């Protein structure tokens, strides 16, 4: 029963808004201590598990080139490009990106997208550009929401696409854990097939919500626009 | 053979070089703490190589990881005021280079895919060119280097310090959240050895009356989501909830289809990931990268979908797993 104190530490730290990195480290020390590990063993646990989990941090390597391209106007060009694609509205663009992200992730191409790789340099500016083209300059509130939705399309697409690919981390974790703990033999392929129904649901639910944004934007911004400009043609 | 560890050394070196730049950045009021944080992280990345092959003790690495957590936890890290390119100049550059700017950005995924699909099968004298099982990881590294080279040639940029500097300000805006996923992996391992899962299982045994399969499905799926919200990672929640409910109740007792139960259980955890600030790399880092005033913006955008998907997962498991 006592080992559950570690979970309590996380919940309390989270509730009192302490620094999450510190909270998690403290919870680890508390749990390992209750479990009867010596200080020496606790340090070894922290060290070995840091070493074996480095792969989640390596996307840092993409930052210099993305930073360089942004200094030379990558984001501005993304906006310029969308301003020429007349038919893509904010909602349709984000829904299209959701579909692309799901399909590529299902084929194991996780690194094609991501917040640093595509959302910041391309998708968010393009989605904003589409709304700007139709309604002129956007209120901050709307700008924030469009950016948040761009990040959400990336996450939902990745999460509910990747498990269809059988060599992805979560599938390997399931087979690794279950086969080692319960001495059975579970095939990665079967798990991957069972990820498809949820993936289809996610596409319809989140895709539908993204498409619905076009109507929301129209309702919110039409009045702003008609007040601001008189010469421009009203949107379809 | 190109080894995954070489790539980790490169990442470590990038952290150390950026830390040296931070040390000289007088616009950052906490420059010493910030430089120590990232510099130490870089050293840890390299030292880990010998911890993985067990030729060096893991304890010094453990100490360093705790120091990193303390530096961030006690507010010793900060960021400088970056002197980026003014917007007018960026507009001018965009007009000059046009769509060519996309070429380097697209190099990263294209090279990564080529490595994990094609180069994977290449070998010289019997040894594969890329280390086995690390092809995708190495593809990301090689892709980024190719992209950087292509970008610098294309933009006639000769100073390597420019991309490093640009990358550093992005790193500073992400801050300590970048290290959180690794810290959670450590916590997950500690929870597994301490038997947190078996404890939760005992509690649910008391709460769950016999034979109520569908109630158990709800407990498993909602439990996966809630535990993921707490732990920030479905990977950490999965062993706990599966040892508690998934395996003993749903698979052994109710004879559920193991693949369906476990796959959908994991996806229920992903619904939790969409909802939690603890999943910093998916929710807080994008907010920082997109310069949002509301750090919880992405979570708010995801919440309705996450709740609906949890309902879908419960329905899918109830309908098809038994």
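Including glycine, each Cβ sits where the backbone N, Cα and C put it.
Feature list (source: TrEMBL):
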type     : residues  : note
TRANSMEM : B:6-23    : transmembrane segment
TRANSMEM : B:35-52   : transmembrane segment
TRANSMEM : B:58-75   : transmembrane segment
TRANSMEM : B:101-124 : transmembrane segment
TRANSMEM : B:136-155 : transmembrane segment
TRANSMEM : B:176-197 : transmembrane segment
TRANSMEM : B:217-247 : transmembrane segment
TRANSMEM : B:259-282 : transmembrane segment
TRANSMEM : B:302-321 : transmembrane segment
Any contact, the transmembrane segment (B:136-155) to the transmembrane segment (B:6-23), with at least 3 Cβ pairs under 8 A: yes
Should the transmembrane segment (B:58-75) and the transmembrane segment (B:259-282) be scored as in contact, given a threshold of at least 3 Cβ pairs under 8 Å and pairs 6 or more apart? no
Determine which residues of the chain contact the transmembrane segment (B:302-321) at the Cβ level, with the cut-off under 8 Å and only residues 6 or more beyond its ends counted. 214, 217-218, 220-222, 225, 250, 256-257, 260-261, 264-265, 267-268, 270-272, 274-275, 283
